[in-house]
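Asks: Before I ask anything, here is the structure I am working with.
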Amino acid sequence: MALTGASDPSAEAEASGEKPFLLRALQIALVVSLYWVTSISMVFLNKYLLDSPSLQLDTPIFVTFYQCLVTTLLCKGLSALATCCPGAVDFPSLRLDLRVARSVLPLSVVFIGMITFNNLCLKYVGVAFYNVGRSLTTVFNVLLSYLLLKQTTSFYALLTCGIIIGGFWLGVDQEGAEGTLSWLGTVFGVLASLCVSLNAIYTKKVLPAVDGSIWRLTFYNNANACILFLPLLLLLGELQALRDFAQLGSAHFWGMMTLGGLFGFAIGYVTGLQIKFTSPLTHNVSGTAKACAQTVLAVLYYEETKSFLWWTSNMMVLGGSSAYTWVRGWEMKKTPEEPSPKEGEKSAMGV
């Protein structure tokens, strides 16, 4: 049970050389399916926890806090298991170092914004619109890479960003025309996209503080988040709302909450696994296809009827994202690759 998120290229090449093509293809299909099932299930489960009429629980910060707590405990538990049974579990040793926690703290603030705004967006918008609502991540990547890293972007990549922005605005317009638009949810979606981009940039800067281990970073980010969420729970009155919650003693409620935390932890693992068995480029394509499938499933599950222009906005967003991935891959093949920190790990904390 390897949970390190990284692989030995020489060993992987040797293993792939020994495996028949059909076995290799079956492995890739299973890994991609596992990523799809985990990611889509997590979105639908979080929607249930955040905005279910049967639960009537209005504590989005507490839901996010609990998921961070589950991830922290899982990381610590797997670390202890790896120490006791080194042959059974491959997981880095974890020890809470206050000096490292302080080094990671600025990133943890961005991380909190990312997961909180993601959940708040999902609370106020439908699952079908969720991908469009958070579709500006690529645009913010380009913008922040120029402002913070002074990296320029090609004309063709900028053109794909224009398609994404057009799809976003058309989606917002169509949601408004159908009377289902939540401006609050849309704003949260834009803020979530911004935080996802900032998280990707600052993760590269902070990784050396945790010896380049994405799992150590996951542990410190979630541990810091658990502490920083406590004053927010008090200030926003969510602890009082939780005390008044009718199903507080329900085993079903806590089971679903814990399952949400397990999915939150698992998405990091299956993302790294998909990159390991395919490539970062293929992972992005798979993510785009998964978003399309998730949108169709949401429309069918919630029995919604959408206009042609609404579907067009989704295709523009997904098509623009796919085109950007293709353009960047094409440009990287044309120019010599520069050393980059752990390409296979960089998306392992995606939401």
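Glycine is treated like the rest: Cβ placed from N, Cα and C.
Keep in mind it's a predicted model, so treat the numbers as computed, not measured.
According to TrEMBL, the record shows the following:
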type	residues	note
TRANSMEM	21-44	transmembrane segment
DOMAIN	27-321	domain 'Sugar phosphate transporter'
TRANSMEM	64-88	transmembrane segment
TRANSMEM	100-117	transmembrane segment
TRANSMEM	129-148	transmembrane segment
TRANSMEM	155-171	transmembrane segment
TRANSMEM	183-202	transmembrane segment
TRANSMEM	214-233	transmembrane segment
TRANSMEM	253-273	transmembrane segment
Asks: Below 8 Å between Cβ atoms, which of the listed ranges 21-44, 64-88, 129-148, 214-233 makes the most pairs with the transmembrane segment (100-117)?
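Replies: Most contacts with the transmembrane segment (100-117): 214-233.
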Asks: Per-residue pLDDT averaged over the domain 'Sugar phosphate transporter' (27-321) comes to what?
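Replies: The predicted confidence over the domain 'Sugar phosphate transporter' (27-321), as a mean pLDDT, is 92.
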